[in-house]
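Reading through the structure tokens given below for one structure.
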Amino acid sequence: MGTEDAIALPNSTLEPRTEAKQRLSSKSHQVSAKVTIPAKEEISSSDDDAHVPVTEIHLKSHEWFGDFITKHEIPRKVFHSSIGFITLYLYTQGINYKNVLWPLIYAFIILFILDLIRLNWPFFNMLYCRTVGALMRKKEIHTYNGVLWYILGLIFSFNFFSKDVTLISLFLLSWSDTAAATIGRKYGHLTPKVARNKSLAGSIAAFTVGVITCWVFYGYFVPAYSYVNKPGEIQWSPETSRLSLNMLSLLGGVVAALSEGIDLFNWDDNFTIPVLSSLFMNAVIKTFKK
């Protein structure tokens, strides 16, 4: 009996010591948790006020409409197309197209500065994207806005080419490119690819809209509003060209398809389409002058 009691006594004395150590360690964990958690909360809240990560930016329009607006880019296409109609209206009102050049340059400078600010200030980038996000692609959150390339292409055309060539290049960018993107996304998988991210279906759409655009502009608007054109502003006319209206329109469709389909140094097509279409259309008209 004495031996058993002697053996039992150490066990009985060790158990309270073990429990005491466990209680002390649990208390130390609780104390450290109480100390560290508020510190993390304070740090994270102060960081959030100063820096908003670009990866946390979400476009409101994409959240509201989900994959539909992301896939079909409805507001962006409406914006692109509307520029063509607005320009056509200004043409009928006799606005001097050369007077548009400086407003385009000012717009480019302002938007470029805004992009520099937003790409270096995440909080401003978040506000900017939530304001005009419906007109942006997701990749443009992290890089320069496509509108910059759009304006730069128009500056090139308005500065170096005649009135009709400049307007045609803008119409092809507004309407042929929109048609190519819409049809290409819908039916492009059914046709062969003609270039990187370019399908035969999209090229056919660009060609068709290009033909219609040239025929309507040169066949109706130029003669109907001839009084708004100064001498030398319109390069093509039936009297000065070996091309008929129908042939010119067909070649205009080819220009639209080529300009939309060519991938030039992986540059943004908002820049390459007006530049290439201006160069091609100008070459076509001058080549067939009488």
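Note that the numbers count up from 1, one per residue, in the order the chain is shown.
Using the three backbone atoms N, Cα and C, a Cβ is placed for every residue, glycine included.
If you check Swiss-Prot, you'll see N99 and N266 are listed on opposite sides of the membrane. Here the candidates are S25, S46, and Swiss-Prot annotates S46 as phosphoserine.
Reduced to three states, the DSSP call for N197 (N-linked glycosylation site) is coil. Counting same-chain residues at least six beyond the ends of the transmembrane segment (245-265), those with a Cβ under 8 angstroms from any Cβ of the stretch are 168, 172, 176-177, 180, 194-198, 202-204, 206-215, 218-219, 236, 238, 272-273, 276-277, 280-281, 284-285. Neighbour density at the Cβ, taken as the number of other Cβ atoms within 10 Å, is lowest among the glycosylation sites N197, N270 for N197.
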